[in-house]
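Reading through the structure tokens given below for one structure.
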Amino acid sequence: MALITLRQLLDHAAEQGYGVPAFNINNMEQGLAIMEAARACDAPVIIQASRGARSYANDIMLAKMIEALAAIYPEIPLCMHQDHGNNEATCMTAIRHGFTSVMMDGSLKADAKTPADYDYNVDITARVSHMAHWVGASVEGELGVLGSLETGESEAEDGHGAEGKLDHSQLLTDPDQAVDFVKKTQVDALAIACGTSHGAYKFSRKPDGEILAMSVIEAIHKKLPDTHLVMHGSSSVPQELQDIINAFGGAMPQTFGVPVEEIVRGIKMGVRKVNIDTDCRMAMTGQFRRIAQQTPSEFDPRKFLKPAMDAMRDLCKQRLEAFGTAGQAGKIRIIPMDDMAKRYASGALAPKTA
């Protein structure tokens with residue numbers, strides 16, 4: 001099986017200068033769509049599951065599904081990642097069920113709603129890093145709170161999102177604090193806050209530097225050139241997908257996502273992992289709506305799901321090609337987690353923060 005840790009994959013991405021989209025999964029159809037896209041362009045992939053996805057699909061089902069995908073597509077390096085873990089138990093149970101990487105989001109407290117202070121974030125993230133590295137699993141941390149610079153609010157997704165009004169000091173990661181955070185927590189990747197948010201309704205207009213602070217990414221990369229940065233909430237919310245949904249009975253108000261060209265710019269400034277969920281949902285549900293309206297007599301779920309899978313596959317392939325991930329799968333020789341654990345223990349994988 002071709003399961004790979006996040007650390008090894010992002011190390012390779014940094015060496016070769018590309019980024020890796022991280023696609024969220026809830027079911028078999030999404031998994032197949034992602035892997036078909038990866039096979040079509042010889043790309044490694046990150047598949048991630050939120051706590052909501054784990055509850056929806058069941059940990060055992062998800063674990064067996066990932067085993068199956070790795071067996072069906074043995075040539076594709078596949079990282080299975082826990083998205084937005086809220087405490088140590090969430091992260092450790094993910095590893096127990098076969099995840100090769102976890103995110104400990106200590107920017108919020110365990111309720112996934114209350115913004116946490118810096119010391120809390122450092123303490124819990126460092127504990128998860130220490131435990132995960134024992135077994136060779138990778139850890140992503142988060143510094144700063146995801147949310148809109150326009151509204152000062154965060155968008156909840158799968159029960160995860162800050163409540164109340166947030167100021168810019170919370171919504172933008174401080175570069176100097178980022179250095180201290182990486183040094184103290186030993187994370188393998190750092191999710192930063194730059195004005196992006198979960199869901200479809202990210203921006204009320206095409207984003208510029210006032211509401212999408214790419215300058216923050218640049219500043220952090222200058223201070224932490226060897227740290228893998230992560231952009232969350234980075235769906236582009238394509239106009240054509242909004243139009244398909246609304247043409248077939250949907251009622252999505254006009255909205256704007258993170259432009260692909262801005263993500264590509266971020267990749268040049270150290271962004272190695274790019275979280276994408278909403279775009280995949282829109283690609284699939286647009287086809288559900290189309291088929292329901294065009295063929296109202298249809299009742300075979302496969303007649304809905306196959307076109308939806310194809311649409312998501314095409315979306316994923318576009319992102320893999322745009323981010324430079326395409327053509328990289330065959331260049332990677334996977335390091336087993338046991339060997340990664342030895343490298344962590346030796347200090348060889350300690351972050352460079354000087």
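Each residue's number is its place along the chain shown, starting with 1.
Glycine too: its Cβ is placed from the backbone N, Cα and C atoms.
SER50 (D-glyceraldehyde 3-phosphate binding site): 22 other CB atoms within 10 A of its CB, across all protein chains. SER50 (D-glyceraldehyde 3-phosphate binding site) carries neither a helix nor a strand DSSP state and counts as coil. For SER50, the entry in Swiss-Prot reads D-glyceraldehyde 3-phosphate binding site.
Taken from Swiss-Prot, the feature active site, proton donor applies to ASP83. In the shown protein chains, 28 other C-beta atoms lie within 10 A of the C-beta of ASP83 (active site, proton donor).
Sequence annotations record features per position, and here Swiss-Prot assigns Zn(2+) 1 binding site to HIS84, HIS198, HIS232. The Cβ neighbour count for HIS84 (Zn(2+) 1 binding site), using a 10 Å radius and every protein chain shown, is 29.
Residues or ranges marked as Zn(2+) 2 binding site by Swiss-Prot: ASP105, GLU142. Taking a C-beta cut-off of under 8 angstroms and a sequence separation of 6 or more, GLU142 (Zn(2+) 2 binding site) has the following same-chain neighbours: MET103, MET104, ASP105, GLY106, SER107, ASN121, LEU190, ALA191, ILE192, ALA193, VAL230, HIS232.
Per Swiss-Prot, the feature dihydroxyacetone phosphate binding site maps to GLY199, GLY233, SER234, SER235, ASN275, ILE276, ASP277, THR278; the stated evidence is similarity to another entry.
With the fewest other C-beta atoms within 10 Å around its C-beta, HIS198 stands out among the binding-site residues HIS198, HIS232.
A sphere of 10 angstroms centred on the C-beta of ILE276 (dihydroxyacetone phosphate binding site) encloses 26 other C-beta atoms. Separation of the C-alpha atoms of GLY199 (dihydroxyacetone phosphate binding site) and SER50 (D-glyceraldehyde 3-phosphate binding site): 13 Å, rounded to the nearest whole number.
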